[in-house]
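Q: Handing you a structure now.
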Amino acid sequence: MFILSYHLANLIFFIIFMTSAKENILRHLAIIMDGNGRWAKSRLKPRIFGHRNSVSSVDATIEYCVENNIEMLTLFAFGRDNWLRPAQEVSDLMDLFYKTLKDKTPKLHDNNIVVTVVGDRSRLSNKLIGMIEYSESLTKSNTGLKLRLAVDYAGRWDIVEATRAIAREVDIGKLSVDEIDQNSFAKYLVGGNMPVDLLIRTSGEVRLSDFMLWQLAYAEMYFTDIMWPDFSKQELTRAVEYFYSRQRRFGKSGEQI
């Protein structure tokens, strides 16, 4: 019965997809992976237990994106404000990030996935930076899913960094003020200039937490009470179905669509 229900959900998704407007295509999926600590606490375990048990949800999400030809997946792994958490938890998270990258990079490469880590690397350890650079270098020529991991990232920080970069280029005469518009500005963003189509946040929290503020301008948003370690392909299918049920207007009226 479970298998039948899952295939029925996929059939419904296909029908919705085929009848959607051409501009309503899911190219960029972004996820705020939330609830690991509360999931662990409900099981009387330390917070790192939740983080470790969330890796399977990451695997399932990546697999879904590959199967459904989603072009880009951005996962919010560690925000700039997360440095305020207890030192032991931060250390455990960084160790887990290193180990997961080390273990998963060969398989990601074999599946033609491009790995990129976006954010400020100045506070990361040399060991972790080395692993990030190895993963990026190994997969940079791949042509499949673009997997981006946001680490020590924040949307406001991203916009400020882009502004500084533009100011420096104007100062040396490489760029004129008249050349600055939304398109040119977006090219300087660490988070990239590809708009997010669908944002998912788990755990029941309903906020952006300073994540990809520029790129989320016209994103559809799906909030679920499910904790990230329990997030599955079935819940992701529901989120995608919700996305394709939406009428994306981009400033136009409903009658113009």
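Placement of Cβ uses the backbone N, Cα and C atoms for every residue, glycine included.
The Mg(2+) binding site annotation in Swiss-Prot covers Asp34, Glu220, and the record cites sequence analysis as its basis. The annotation active site is assigned in Swiss-Prot to Asp34. Swiss-Prot lists Gly35, Asn36, Gly37, Arg38, Trp39, Arg47, His51, Trp83, Arg85, Arg201, Arg207, Leu208, Ser209 with the feature substrate binding site, giving sequence analysis as the kind of evidence. Marked as active site, proton acceptor by Swiss-Prot on the basis of sequence analysis: Asn82.
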Q: Long-range neighbours only, meaning 6 or more apart in sequence with Cβ under 8 Å: which ones does His51 (substrate binding site) have?
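A: When sequence neighbours closer than 6 are ignored, His51 (substrate binding site) has Asn36, Gly37, Ala40, Asp92, Leu93, Leu96 within Cβ distance under 8 Å.
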Q: Taking only the Cα atoms, work out how far Gly35 (substrate binding site) lies from Glu220 (Mg(2+) binding site), in Å, as a whole number.
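A: So the Cα of Glu220 (Mg(2+) binding site) lies 21 Å away from that of Gly35 (substrate binding site).
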Q: Let me know how many other Cβ atoms fall within 10 Å of the Cβ of Arg207 (substrate binding site).
A: 10
Q: For the substrate binding site, please report the maximum Cα-Cα distance among Gly35, Asn36, Gly37, Arg38, Trp39, Arg47, His51, Trp83, Arg85, Arg201, Arg207, Leu208, Ser209 in Å.
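A: Spelled out: the longest distance between any two Cα atoms in Gly35, Asn36, Gly37, Arg38, Trp39, Arg47, His51, Trp83, Arg85, Arg201, Arg207, Leu208, Ser209 is 22 Å.
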Q: Out of Trp39, Arg85, Arg207, which of these binding-site residues is nearest Glu220 (Mg(2+) binding site) by C-alpha distance?
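A: Closest recorded candidate to Glu220 (Mg(2+) binding site) by Cα: Arg207.
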Q: For Trp39 (substrate binding site), which residues of its chain lie six or more apart in sequence with Cβ-Cβ distance below 8 Å?
A: Gly50, Asn53, Ser54, Met227, Trp228, Pro229, Asp230
Q: Using C-alpha atoms only, work out the spacing between Ser209 (substrate binding site) and Asp34 (Mg(2+) binding site) and round it to an integer in Å.
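A: So the alpha carbons of Ser209 (substrate binding site) and Asp34 (Mg(2+) binding site) sit roughly 11 Å from each other.
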Q: Would you find the one among the binding-site residues Asp34, Glu220 whose Cβ has the most company, meaning other Cβ atoms within 10 Å?
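A: Highest number of other Cβ atoms within 10 Å: Asp34.
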Q: Give me the count of other Cβ atoms within 10 A of the Cβ belonging to Gly35 (substrate binding site).
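A: So the number of other Cβ atoms within 10 Å of Gly35 (substrate binding site) is 24.
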Q: Under 8 Å between C-beta atoms and at least six apart in sequence, can you list the same-chain neighbours of Arg85 (substrate binding site), or say none if there are none?
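A: Once residues fewer than 6 apart are set aside, Arg85 (substrate binding site) is near nothing.
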Q: Can you count the other CB atoms that lie within 10 A of the CB of the residue listed as 'active site, proton acceptor'?
A: 17
Q: Hey, which of the binding-site residues Gly37, Ser209 is the loneliest by Cβ count within 10 Å?
A: Ser209
Q: For Arg207 (substrate binding site) and Asn82 (active site, proton acceptor), determine the Cα separation and express it in whole Å.
A: 15
